[in-house]
Structure formats: structure tokens, C-alpha cells
Amino acid sequence: MESPRAEREPSPEEEEAAAAESRELAVLREMMLRARREGEEPQVPDEQLRSNDQLQHDEMLALEAIYGDNIGIFSEKAGLRSFEIHVHCEIPDIVSVSAELFQGDDDDDLKSRFFNTFSVQHLPPISLTCLMPLSYPSHHPPYFTLRVEWLDSVKISSLCHMLDSIWAQQPEQEIVYEWVQWLQSYALSHVGSHDGIIIRQSDMIINPLDVRAVGKIVSAEAVVQCLISYNEEQCHESFLNGLHDCMICFSEHPGVDFIKLPCLHYYCWRCMETYSRMHVKEGTVMKLLCPDDKCQGVIPPNLLKRLLGHADFERWERLILERTLDSMVDVTYCPRCETACLEDEEKYAQCSKCFFSFCTLCRERRHIGDRCMTPEEKLLSLQDREKVRASSGGKVSKGIDLFNELVSIKEALRDAVPCPHCRIAISRVSGCNHMRCRNCGKGFCYDCGKPLDNHRIEQCRLDQEQKSVRQAGVVKQIQKEVKSQRFRNYPCPSCHQENPKVGNNNHIFCWACQVHYCALCRKVVRKSSEHYGPRGCKQHTVDTQEPPERRMTNLIQKFRDVLW
């Protein structure tokens, strides 16, 4: 047996509205009882009562047909009809609102007072609550209360007196429609707020002058928040109910098919979905901004998640993290597991995943006190290893893969220029010298590698011509040096394979016969602890003459200095 469906519990807003209605009805009934005790409401014959009842019934039907959802009918008690109408004031395109606010705890300090001015297109409605006595409309008007959240008690009391004067001018007639029309058309001008509304803290905390001006005492900050929230809700509702043109496909769609960004630009859902997926697919996630060229506003991640779906959104998160890390100068990647690491002031880093401590310059194991191997030295060493592996018929090792990778990187970076903003290498295929980085979106000159801000193309061209002359001289010097140089190697005592020293280390490992030997005495080293020491050879010594590798490295560095 199914259990009966539980009734929905009212929300806090609905409970507050119901409490306000009950309070206002209680005020109206108290006003009616007081009028009867004081004799203000006369005795009406039965025939007139039946006529008044029919007139009230007809008026209620007319009001429901005219105002629809803006009128709420209360249940009848003792034959008395009561209702509430929300009256929306007619306003121009925008209304200026100036609110007197205070900073700090002392509101009396004039230095802490300031005015916040803003504009709204919609104002919260005026709530008119009426109770029709039995003597209406033949002898007495309806008892009513007014509630206006954005007016003080003095101005609401002025509106109540104006409704009394309208009844005095048209006695013994149905008056509710006239009241609503006047409030809708003239309420703003009557209280002097047609050109702008001024909200003062002192006006909001005074007691009402008229008992019919109901409402709770609130602060000026609460009134401002109410006006802003209501205006945003109504503007959004108007946008959803209207038709608009998409600035991407230039097609007209209803408002419910649009996406409004925080920058207030809006585009149709289909265009935004295609636009977002295109940038994620091409990897240009840093350019995934508002499509307006002059805006460049950010698209919120929660909106992107709805546009992209689960898989593409994960790709967007991964790419945005990679681009962000690449733009940070103190972030490097572990050469073993490719985990992002932070380098210290000494250009060293330690991986948080595999705990490998390495040098961020040469990406080798940490070597405190020893200099880094240059890419040229690495290539020479790996070339020798590759020759040994090829002659011995062994399989291609990880070292040869690293060699091929270094050669490929060297060839790729031969004509590349680092971006001066994010240091990403950019290679030009064709076109002029004005380059735009795909990573950070900023421009720079391909010739000199400088940003385009205050950049002179003519001066850059002259500098390049002078640099070409200097480069030609340096190239001739390098060619002359290379012809006269032979790389210094140390032959193995076992197989006579020549191997270079690594830095100043005299302990050499022969890749041909897998033997360890000393570069000083040319003897095989069984145990390094016995061979090197106070009575043996020194493990680290500096050659008396500069090695050819060092001279070649210096020449290449000199050429780089001239080049850049």
C-alpha cells in the first residue's frame, strides 16, 4: 500500500509573504472594527447590501481579468472580500537611484558617509491590499494598506492620502481600478522620484505617519540590495522572453537559446559550443575568451563544462594547467617522469613524484661544484656511444634515443626565436618579421626577438645588417680554428678506443670493451677507492692546456653572443 504523498513544505520566502499578508489583513480588520465603533461606517439597508455585494462581485471579476497574475484573492471571512494587487509603476527607460551609505561603525561621522549611485530599469511593485466592507461602494471606500520597499514611510503616507482624495472626488463608485491606475501612472511623480530615487538612512528608520503605510524597518543597504536583485531578475526575465541576434552567426533566436557571459555579451548556444570545442581541439585554450575582439572577457569554468562535456572539459583543464606552468619562469619538468617542479635560486630542482634531484640547465643529476655539460659535449659523447653500439651490433639503447632527440631539438631550434614574454621557441615558416606567439598571444619581432611595444622596424633592419657583418667575421674565425683543432681523447689501455673525459673527472668508462681506466696513468681501474687517493692518482685534475672541446664551446658561445 502506497503511502500518501507528503505535502511540500513552504519556502522561507513564502512563509514570510504569508506572515506579511496575515499582518496586513489583521490591520485592515482592526481599521474596520474601529470605524464601526466610532460610527464612521453607517448602517446599510438589506436591499443596498445586496446591491453592494453584486457590485463587489462584478468588480472582482473585472480586476482578475485585467491584472491576472498580479492580483491575489484571499479567502472570504464573514462575507468580506479581500485581495492584494501588485502595481508596477510606469518608469522611463532607466531610473537613477542614489543611496546614502556609511562606512565604519560610527554613522554620525560625516567623513564616513558616501552616496552610491546606480541605474535600474525595473522597480519592485507597490503592494495594494484591500478589504471591501459591506457598505462599499455605496457609503464607504475599501480599507487598504500600501507596502513599498523602496520608499520611506513619509512618502508612502502621502500616497495613502492621495488615494483618499481620489475616493472623495468619485464617491459611491467602484474605486479600486482608479486607485491602481493612478499608482501605476503617477506614483513616482507624486513622491518626486520620477527623475531619480534618493534613499537616505534617516528616512528608512522613522516610524510610519499613517497606519496604512505598512512595512518593516530596514537599512538603506538592504533597500539597495533589494533594488539591484529585483532589477537583475526582471532584466533576465525580459531577455529570456525576447528575440535577439547572435553576433557570431547573425541569426535570430529566442532568449532561452542564448548564453550570457559575465561581461554581458551574449551568443547563441550552438555557436558558443562550436567555438569552445574548436579552441580545445586545436589546443589554443588561452584564447578561449569572449568572442568579442574588444572584450576578451573570461568564460567561467562551470559554463565551459556545460558547453564542452566531460571529455573535452578534462582536456581543457589539462591544457590550461600546462600553458600556465609553461608561462612560469621558475617551473621546469622532471627529465624522468615529466612532473612539474619548481627550481631554486641555484638552478636545481627536486621532483615531488620520483624524488629525482637534477640540474635545470643540463637536466642531468645534481652536480654541485661542477659545470654543466654543453649540448655540443653531450652530442660528441653520444656520437661516440652510437658508433660503439653500431660496431658491436648491439640494440639501440636509451642513450641513442636521447642522442636522436638532442639532434632533432637542435635542428628544430636552429631557426627558432624565443618569445620575449613566455620564452616559448617560435619558428617562422613564411611572412614578415612581426610574429605573434600562439602560447601567450603577444607580438614580437622575429629579427631581434624584442616585443613590438615602441619597436622600430628601420632600426631593427640596420642592426641586423651590422650583426650579419659581425657574424661573417666570427664564422671565418671558427672555420680557421676548427681546421687546426683535433679533439683530445684518452685511448683505452685494453682496446685502444679513444674516449673523452667528462669534465675534470679522470675516471673514464670505455663503451667499447666495458673497462674502467685512468686518464692520467692509462691503467685499468678495478676499485676507484684503491686507485685514487693520497698515494695514487688524483681523480679530478684540470688539463694543462684547454681541451679542444672547451675551445670549441667558447667559440660557439662567442658566435651566439654575436648572433643574439
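Every residue gets a Cβ built from N, Cα and C, even glycine.
Bear in mind that TrEMBL entries carry predicted annotations, made automatically and left uncurated.
Note that this is a predicted model, so its numbers are computed, not measured.
Under the heading compositional bias 'Basic and acidic residues', TrEMBL lists 1-11.
The residues of the domain 'RWD' (58-190), classed with DSSP into helix (H, G, I), strand (E, B) and coil, number 48 helix, 40 strand, 45 coil. The feature domain 'RWD' is assigned by TrEMBL to 58-190.
Taken from TrEMBL, the feature domain 'RING-type' applies to 242-464 (among others).
Residues annotated as domain 'RING-type' in TrEMBL: 246-294 (among others). Residue counts for the domain 'RING-type' (246-294) under DSSP, split into helix (H, G, I), strand (E, B) and coil, are 20 helix, 10 strand, 19 coil.
The feature region 'Disordered' is assigned by TrEMBL to 1-21.
Across the domain 'RWD' (58-190), the prediction's mean pLDDT works out to 85.
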